[in-house]
Amino acid sequence: MTRLERQSSARTRILIVEDDCGFAELMASILEEGGFSCCCASSGKEALIWLVAQSPKLVILDYSLPDMTGASLIERMRELGGNTPFIVVTGKDDASLAVEMMKTGACDYLLKDTSFLDRLLAVVVRALQEVETRERLDRAKHSLRLSEARLARAQKIARLGSWEWDVRAGEIYWSDELYRIFGFTPGEPKRISKEWIYSLIHPADLPAFKQQLLTSVKTLQSFNMIYHTTSRSGGELVVNIQGEVERGEDGRAWLISGTVLDITARIKAESEIHHLINYDTLTGLPNRSLLHDRLRQAIAQAAQDRHMVWVLCLDLDRFKGVNDTLGHRSGDKLLQEVARRLAACVRESDTLARLGGDEFVVVLDGVVSEKGASIVAKKILTLIAEPIPIDDHELYTTASIGIAAYPMDGEDGHTLLKHADLAMYKAKELDRNNFHFFSHDMNIKVMERMMLENSMRKALERDEFFLVYQPQVDARSGRITGVEALLRWNHPDMGLLTPDRFIYLAEETGFIVPLGEWVLMTACRQNRAWQKLGFPPLRVAVNLSGKQFGQHRLDEMISAILLETGLEPEWLELEITESAIMRNADQNIAILRSLKEKGISLAIDDFGTGYSSLSYLKHFPITRLKIDKTFVQDITTNPDDAAIAEIIIAMAQTLKLNVIAEGVETRAQMEFLSTHTCFEMQGYLFSRPLTTDKFVYLLRDGISY
Ligand SMILES: Nc1nc2c(ncn2[C@@H]2O[C@@H]3COP(=O)(O)O[C@H]4[C@@H](O)[C@H](n5cnc6c(=O)[nH]c(N)nc65)O[C@@H]4COP(=O)(O)O[C@H]3[C@H]2O)c(=O)[nH]1
């Protein structure tokens, strides 16, 4: 048979499978006139080749082929994985064959009778229309299935189920994910009843749940509630149920539908976070932050009801000794036992908190007199003094308690705690294992000092110190040449403290040594961190107290810090006051030389305030003089200050030292200093001391003044 191929790519291609070549041509010409493109195959085998090569839209096949029947060709077509629609043509008028062919999926069945050629085009057009409709439907079904699968996946990930309740028919539908949330297999049970749902709701939440459904049905209002429920395995679930009500034509609720979101994990995480923020991990008691909240509430309530709030601050006597001799684990066990005993002494409505270390606070609610507070304090002292078995030891400990009351001793939580703390130091001073009430005639200055001294030691462990950084600037260009690290203390009860409030105390008690070491380490590490961020290297100036000078092996400590932080010595400057240097001048020269040899630069702070002798200064390996801010302050108005500043600048030039002025607040001061060739400056005009995160913006954006 000659192969006919009349096709155009834009037309719908039809494959004619017919062993009678002339008849095939006739069919093809009719269809081509109707706008189709045709190809013909004279055998089943040839038809299969065409099918693979041309992917026709429709096959018209003669049932009787030389090499196979129409039925086997259809079977082979299916085996090839194709789903091409087909019309069967036959010369036999056989009804059962027609039925059989339609069952195999034929679009139509045509008898080669006299009207065959007249009907052919219409039959083909109709078949193709049906095919197109079917394909469109298949595509729609497919995309629906896809989006359903996507939704189911999203619901599964989000642990979101959906539900519908046909109010009138009493039928309830659950999505598969909703079954899974409650631990059931989708569809089991098949019929969902209200009673069955009620059995899943926690009994405490059930009345509210029922009430909510009733209200929604009555008022047609949507709802959004959180309930505690039980899963199939008996585990507790927290779910967020939302519902929308649809009204029927009679205006009454007919369908309520909504979602159920499993928020168990979220609620658990929230409660863990809340616990971590508000509770002490060792004893499980409220911490300082929650204590302040509770105190605020207690005071507000007391103000309203005109009653008193008693604050008891308790500190164990010689607790440090336990930690040092028996170790921290025993110390921890002791604290846990003390917490248990304290809890036994107070009521549910009272607040018992641990502030850290061995400090506890009790807030008594509803105690009307000093006598009542004394009774509680005595009870606490007695119970704590009982032996505490820890591991193989019996520990004996006592406590000191200070008591302050609202409103007499303070009107806010901070003041009350501070005063109770002062009273506690008084108790310790008089005799340990004692309690003492705060009184205004207590020597507050002395007590405050004691309290500061004590809390300072704990502050380092509790991370209450931090550094702020103030830039040093070349006033000609605005370039940042260095930065001074300045210490701050975030005191839990007294707020933010600047060094003038506590450095003297640190120096007097020797605490300046560990504190100064921490400052050096932190400043060097920070400076290196800025370098690592890619900023040009800067000199960091760190204040060194006179006491640190006397410290054994100061230079070794500094070298170790530089090594650990990776900061090159040239980027560290030590600021030492004039008086500190002069105090032990000969010995200090040796220390300073050794530091200078390492490459560290040295600046004399507050220059001009002491009595530096020029002849002496020559011997000090100094890099920079810092003009004290007290001269800068009135430099433009006070001729004496102006003269001193000028002399310092001249002196620095003679000694070939750099000079920097601190406390520059105005442009006039800046201009005066620049005119007298002191270009390096530090002060509020350029920037206040900034925390690390703010200072980095200054490094990035530069300084404007
Ligand atoms: N009125 C005014 N003040 C300005 C201006 N610019 C800066 N200041 C303040 O002047 C002080 C400069 O530091 P200092 O003379 O080394 O004086 C420091 C220093 O001697 C000492 N200090 C600070 N940090 C440390 C430290 O880590 N260790 C030791 N030993 N002493 C420190 O405490 C002193 C006070 O420090 P701060 O209170 O931070 O006060 C800083 C700074 O905040 C300005 O334009 N106007």
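Yeah, the Cβs are placed from backbone N, Cα and C, and that goes for glycine too.
Please treat TrEMBL annotations as automatic predictions, because they have not gone through curation.
What TrEMBL says about this one:
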- 13-127: domain 'Response regulatory' (DOMAIN)
- D62: 4-aspartylphosphate (MOD_RES)
- 147-220: domain 'PAS' (DOMAIN)
- 307-440: domain 'GGDEF' (DOMAIN)
- 449-703: domain 'EAL' (DOMAIN)
As a test: from 13-127, 147-220, 449-703, pick the stretch that has the greatest number of Cβ pairs under 8 Å with the domain 'GGDEF' (307-440). 449-703
Give me the non-local Cβ neighbours of D62 (4-aspartylphosphate): same chain, 6+ apart in sequence, Cβ-Cβ under 8 Å, ordered along the sequence. V17, E18, D19, D20, G70, V89, T90
Rounded mean pLDDT within the domain 'GGDEF' (307-440) lands at 91
